[in-house]
Amino acid sequence: MAANLLFSEDQIKEYKTKFDAFDRNNDGNFPTMFLGNAMKSVGHVLTAAELENSRRVRKGTTTFPQFLAMILDKKCRKVFKAMDKDDKDKLLSADEVRQAMLSFDRQITEDKIKEMIEKADFPNDGKCSLEEFVKMVMNFC
């Protein structure tokens, strides 16, 4: 799972503890109606639209892998916005993508970053949109 490469073991344990607080039946999921509070417990606020979409997609429950994916999605968006220095075109250059990936994982190699960028095949003149960045990170293994 990509989360193991992008979150430290301590972070995963912390997120699991937060998740377990909402998994009151100890059955590996919690009702999606608690997702907003669960995300807030790890420092992320979901918009009303994100909550509504999650309720539709998750069909009533949220598992730990889904919870980690939502945290990762929020983290990707935060990193993207921090790295998009000019904020005019809402795109990251290859160098900004490299810096963003290093902010996720200090152990990642330049070769791995280059490979990821090449595989992502950004259609915007070699630049990466927010959606492309999130997809690239989610596929990172």
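For all residues, glycine too, the Cβ spot is worked out from N, Cα and C.
Positions annotated as domain 'EF-hand 1' by Swiss-Prot, on the basis of sequence analysis: 10-42. Here the domain 'EF-hand 1' (10-42) has long-range neighbours at 3-4, 51, 54-55, 58-64, 67-68, 70-71, 74, meaning same-chain residues at least 6 beyond its ends whose C-beta is under 8 angstroms from one of its own.
Here Asn29 (Ca(2+) 1 binding site) comes close to Asp23, Thr61, Thr62, Thr63, Phe64: these same-chain residues lie at least six apart in sequence, with C-beta atoms under 8 angstroms from its C-beta. According to Swiss-Prot, the feature Ca(2+) 1 binding site maps to Asp23, Asn25, Asp27, Asn29.
Residues or ranges marked as domain 'EF-hand 2' in Swiss-Prot: 43-72. Across the domain 'EF-hand 2' (43-72), mean pLDDT in this model comes to 88.
Swiss-Prot lists 73-107 with the feature domain 'EF-hand 3'. With DSSP states grouped into helix (H, G, I), strand (E, B) and coil, the domain 'EF-hand 3' (73-107) comes out at 22 helix, 2 strand, 11 coil.
Marked as Ca(2+) 2 binding site by Swiss-Prot: Asp84, Asp86, Lys90, Asp95. Within its own chain, Lys90 (Ca(2+) 2 binding site) has Asp84, Ser129, Leu130 as residues 6 or more apart in sequence whose C-beta sits under 8 angstroms from its own.
For the domain 'EF-hand 4' (108-141), the DSSP counts in helix, strand and coil order read 21 helix, 4 strand, 9 coil. Per Swiss-Prot, the feature domain 'EF-hand 4' maps to 108-141; the stated evidence is sequence analysis.
All chains included, 8 other C-beta atoms sit within 10 angstroms of the C-beta of Asp125 (Ca(2+) 3 binding site). The annotation Ca(2+) 3 binding site is assigned in Swiss-Prot to Asp121, Asp125, Lys127, Glu132 on the grounds of a curator's inference.
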### Query
So which binding-site residues out of Asn25, Asp27, Asp95 end up within 10 angstroms of Glu132 (Ca(2+) 3 binding site), measuring C-alpha to C-alpha?
none
#### Entry: Positions on the same chain near the domain 'EF-hand 4' (108-141), where near means CB under 8 A and six or more residues out
1-2, 5-6, 69, 72-73, 76-77, 80, 89-94, 96-98, 100-102
### Message
I'd like to confirm something. Which of the binding-site residues, Asn25, Asp27, Asp95, has a Cα closest to the Cα of Asp125 (Ca(2+) 3 binding site)?
### Response
Asp95
### Task
Measure from the Cβ of Glu132 (Ca(2+) 3 binding site) and count the other Cβ atoms within 10 Å, all protein chains considered.
19
### Query
Between Asp27 (Ca(2+) 1 binding site) and Lys127 (Ca(2+) 3 binding site), what C-alpha distance do you get in Å?
43
